[in-house]
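Chemist: In case it's useful when we look at the structure, here is the feature table from Swiss-Prot:
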type    : residues                                     : note
BINDING : Thr16, Arg20, Thr265, Gly313, Gly414, Asn418 : ADP binding site
BINDING : Thr16, Arg86, Glu87, Tyr138, Asp243          : sn-glycerol 3-phosphate binding site
BINDING : Thr16, Thr17, Thr265, Gly313, Gln317, Gly414 : ATP binding site
BINDING : Arg86, Glu87, Tyr138, Asp243, Gln244         : glycerol binding site
Amino acid sequence: MQTSSSGYILALDLGTTGNRAFIFNNAGKIVAQAYKELTQHYPQPGWLEHDAEEIWQDTCWVMKTAIANAQISPSEIAAIGLTVQRETCLLWDKTTGKPLHKAIVWQDRRTAPLCHQLQEKGYAQEIYSRTGLVVDAYFSATKLRWLLDYITGVDLKNVLAGTIDTWILWKLTGGKVHATDHSNASRTMLMNLKTGEWDEQLLEILQIPAHILPQIQPSLGKFGLTDTSLLDTAIPITAILGDQQAALFGHGCDRPGLMKCTYGTGSFLVAHTGSNIVRSQHQLISTIAWTQYNSQENINIGYALEGSMFTSGACIQWLRDGIKLIKTAAETETMANQVDDNGGVYFVPAFSGLGAPYWDMNARGAFFGITASVQPQHLVRAVLEAIAYQVLEVVQAINASCSSPMQRLIVDGGACENNFLMQFQADVLGIPVERPTMRDTTVQGAAFAAGLAVGFWDSYTALVNQRQIDRIFEPGEGSQNAIYNFATWQKAVKRSLDWV
């Protein structure tokens, strides 16, 4: 597995709710880590912003803290891998290095009216054909258009644009490298899925100047060196992946028939489709899994089908911080088990509209079926059940789009800690749910990719074969009721559509 007898890999995971750094040793094990929670800015209902300067400062802090915790020298780090929240984007001044506005987050819905305009003008099919994506405020393109409209009196020759990976790479390299990888670029609604390049026609439709966009490079490759002023040494940055693609890589899902679901702020079910673009008739999106050079220095492209569900872990966070029904996320498991059923209550997790398979920017969240006998436990259980029902809908869509049905679901992310949720997920799917011992698969994927790209490890298969399974949840006695109630949940969803 290893070609390096000593040294370490630094992996950065810059997510929606926080930023993390991990140090991996040559055995592929985590030896140290650091975390910083990220401030969420809600300037208006349906809007969500992040301070890009805060992300950069936190990145510096978690890197230095993780290195200190590992008690190693930065010069011992062989490479850096970077994985990020996708679609979130910003503009910055390349002279001052300062953002021109806060970054607009993937959950932000402010550009829904612009998306409706694109649909009304008949661009939806053209955009899907070229990018594999549906027209939605989720993706970066309309966010960038909004930012360009918002900033006035700025010389565009001085402006750079990018997703979070591009911003952090530019800062890490001291402003020397303005680049992104195919997995992140494929989420902008501006990259041609077949060519792997920015699509000139889409840039024209959205009036986005090509010169402000980063160069697109393979996910595993050479992204430059860290500026020596940062860690007193120049460290190669050798992998960049979107967070869901990094998890796919970390699980070893590198060929058709393998898929995973990450339960984070949202739930994201991704199935590798090999070197072929698979088009779904069921509102799933086609995207890049990851890219890398082969031995002939040609680019190998791996594609994927994805079902993006915008709100899952965010529901649990809302139960805690929004309506203060719980004090900790862990309480939800205990509370859900305190009642025999959902008490007739169904929850629709549409805080930011609905993603796959509905793609309704105007849907909103709701509880249905509340009576005077309903207890807090029923509400909590309804929220957990809704997370699982969303995944069921996407699994059904993937099964209908692929030649053979899914045999098992591999899971990761914070909410997969919840045993009630995982058992209910197995019950509704009717297939085993496999939870690995290593929960941080996203950052593991970034580390593996960076190490393989620099020759720190020589075998992807050997790394993946180290995976250990914590628990397999088999469909149980609750399956019949769970499946029966699914139809009622779907009825609740239909009543939430096109709400605003």
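Placement of Cβ uses the backbone N, Cα and C atoms for every residue, glycine included.
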Chemist: Just to verify a number: CA distance, Gly313 (ADP binding site) to Thr17 (ATP binding site), in angstrom, no decimals.
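Modeler: Rounded to the nearest whole number, the Cα-Cα distance is 11 Å.
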Chemist: Most Cβ neighbours within 10 Å: which of the binding-site residues Arg20, Arg86 is it?
Modeler: Arg86
Chemist: What subset of the binding-site residues Thr17, Arg86, Tyr138, Gln317 lies within 10 angstroms of Thr265 (ADP binding site) at the C-alpha level?
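Modeler: The binding-site residues close to Thr265 (ADP binding site) (Cα within 10 Å), listed in sequence order, are Thr17, Gln317.
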Chemist: Spatially speaking, which of the binding-site residues Thr16, Thr17, Gly414 is closest to Arg86 (sn-glycerol 3-phosphate binding site)? Use C-alpha to C-alpha, please.
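Modeler: Comparing Cα positions, the closest of these binding-site residues turns out to be Thr16.
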Chemist: Do you know offhand how many angstrom separate Thr16 (ADP binding site) and Gln244 (glycerol binding site) by C-alpha?
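Modeler: About 12 Å separate the Cα atoms of these two residues.
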Chemist: Secondary structure at Arg20 (ADP binding site) (DSSP, helix/strand/coil)?
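Modeler: Arg20 (ADP binding site) sits in a strand per DSSP.
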Chemist: Give the helix, strand or coil assignment DSSP yields for Gln244 (glycerol binding site).
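Modeler: Note: Gln244 (glycerol binding site) is helical by DSSP.
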Chemist: Could you measure between Asp243 (sn-glycerol 3-phosphate binding site) and Arg20 (ADP binding site) for me? Cα positions, answer in whole angstrom.
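Modeler: That comes out at 12 Å between the alpha carbons.
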Chemist: Can you grab the distance from Glu87 (sn-glycerol 3-phosphate binding site) over to Gln317 (ATP binding site)? Cα atoms, rounded to a whole Å.
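Modeler: Gln317 (ATP binding site) has its Cα 21 Å from the Cα of Glu87 (sn-glycerol 3-phosphate binding site).
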Chemist: Gln317 (ATP binding site): which of the binding-site residues Arg20, Tyr138, Asn418 is the nearest Cα neighbour?
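Modeler: In terms of Cα distance, Gln317 (ATP binding site) lies closest to Asn418.
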Chemist: How long is the line from the C-alpha of Gln244 (glycerol binding site) to the C-alpha of Arg20 (ADP binding site), rounded to the nearest angstrom?
Modeler: 16
